[in-house]
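Per TrEMBL, these features apply:
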type     : residues                       : note
ACT_SITE : 325                            : active site, proton acceptor
BINDING  : 26, 27, 31, 176, 178, 325, 352 : 3-phosphoshikimate binding site
BINDING  : 26, 103, 131, 178, 356, 401    : phosphoenolpyruvate binding site
DOMAIN   : 14-435                         : domain 'Enolpyruvate transferase'
Ligand SMILES: O=C(O)C1=C[C@@H](OP(=O)(O)O)[C@@H](O)[C@H](O)C1
Ligand SMILES: C=C(OP(=O)(O)O)C(=O)O
């Protein structure tokens, strides 16, 4: 996933204005594809994100016997049908499944495979091979699934499922929707009620979407349950726009003088828009308008205008999961604010596509901004007069969110910047640059 190519990003020639849409939500797209593959019958999907990560989920389920018939639409989204394996279960694949760069794909698959008597080797790219998997295999082993080598943290890992899964109540050690989802998806096929309790609320797309596929879930703050044995039936899903992608457009409008934009058709699921709450607390001109629902997912629009006087704030540990993927771009915004911003308990950043905690500190350091860690907290001392030094080259470390964050430093700043391996944006937002440039006045 990484290359040495450096892309030069030129400053925007004028402010951003007008309306934008962002591609489909990545988390919801993964779930739409994976749940359809598990279901009996043919599901209809639209608005699905066309990106490398979602393609990893699509090819994984195709290898397991689902019939994926999604094609690119005029707006760049994917739409079409997925015929699931349903009661027949996934087919024994003849080769290892390569989950590419996608943590969501491999971790959700571990739960999906747990109830079936097949043996599957799961693997990924060099980044995914560094990410922890025991957080998923540990609860699934309690349910009866087997992993080889037993207790291994890193991919490749070989899983053998069992139809005799046991329901469990699991107190998750971290707020992770991937962990919660893996356990709940296995729990659909276990006898009895499977419950996941979390230390802080994580995104709840699984709890919202499973009932659309005919599986009842119960959920409250920091807990979700499913009662098995049950089964998924085909459904229809339209995926709303990705708030994590919208966060980059919003940050661009906030930082580029004179800008004012409206981003339409975005998921406004409260578990995903912690970045809006944080921007409000920084004094940013942001407004959200709820306009309806896609399935059980609330959606609407976000309006953002340039804000010259941002101030630092503290983001408590309980809210971190609601903005976990937006911390790199929020850190860049905080670098332009007056005062110190503190992100509390962000140790999870160390185990994303790269060590995002170290990479944020490294990139802000290049900009001359003081950023440091204290325990698992990230602190940033902003500078409202921030100027981009000449000749900067940032390293994305092959991480899409970092590639977009450092590109914004160049787009909204006074100097061009280089971004090494900018191509990583294809993981979640292939048309990022075009979408920003389309808003240029
Ligand atoms: O469930 C999901 O779709 C995701 C959950 C989060 O990861 P964790 O479960 O590791 O917190 C997030 O960072 C990731 O981008 C997508
Ligand atoms: C962490 C991310 O994704 P994943 O865990 O699916 O690789 C992300 O998209 O920022």
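The backbone N, Cα and C atoms fix where each Cβ goes, glycine too.
Of all the Cβ atoms in the protein chains shown, 20 others lie within 10 Å of the Cβ of residue 352 (3-phosphoshikimate binding site). Around the Cβ of residue 356 (phosphoenolpyruvate binding site), the number of neighbouring Cβ atoms within 10 Å comes to 25. Residue 401 (phosphoenolpyruvate binding site) and residue 178 (3-phosphoshikimate binding site) are 18 Å apart (CA-CA, integer value). Residues listed for phosphoenolpyruvate, 26, 103, 131, 178, 356, 401, cover a largest CA to CA span of 19 Å. Taken in sequence order, the recorded positions 27, 31, 176, 178, 325 that lie near ligand 1, meaning a CB under 6 Å from one of its atoms, are 27, 176, 178, 325. Rounded to a whole number, the C-alpha distance linking residue 103 (phosphoenolpyruvate binding site) with residue 176 (3-phosphoshikimate binding site) is 11 angstrom. When the C-alpha distances from residue 131 (phosphoenolpyruvate binding site) to the recorded positions 26, 27, 31, 325, 352 are tabulated, the minimum falls on 352. The Cβ neighbour count for residue 178 (3-phosphoshikimate binding site), using a 10 Å radius over every protein chain in view, is 22. Among the binding-site residues 27, 31, 131, 352, 401, the residues whose Cβ sits under 6 Å from any atom of ligand 2 are 352, 401. The Cβ of residue 325 (active site, proton acceptor) lies under 8 Å from the Cβ of 244, 352, 401, each of these being in the same chain and 6 or more residues away along the sequence.
Residue 356 (phosphoenolpyruvate binding site) and residue 27 (3-phosphoshikimate binding site) are 19 Å apart (CA-CA, integer value). Sequence-distant contacts (6 or more apart, same chain, Cβ under 8 Å) of residue 26 (3-phosphoshikimate binding site) comprise 49, 51, 53, 54, 104, 242, 244, 245, 428.
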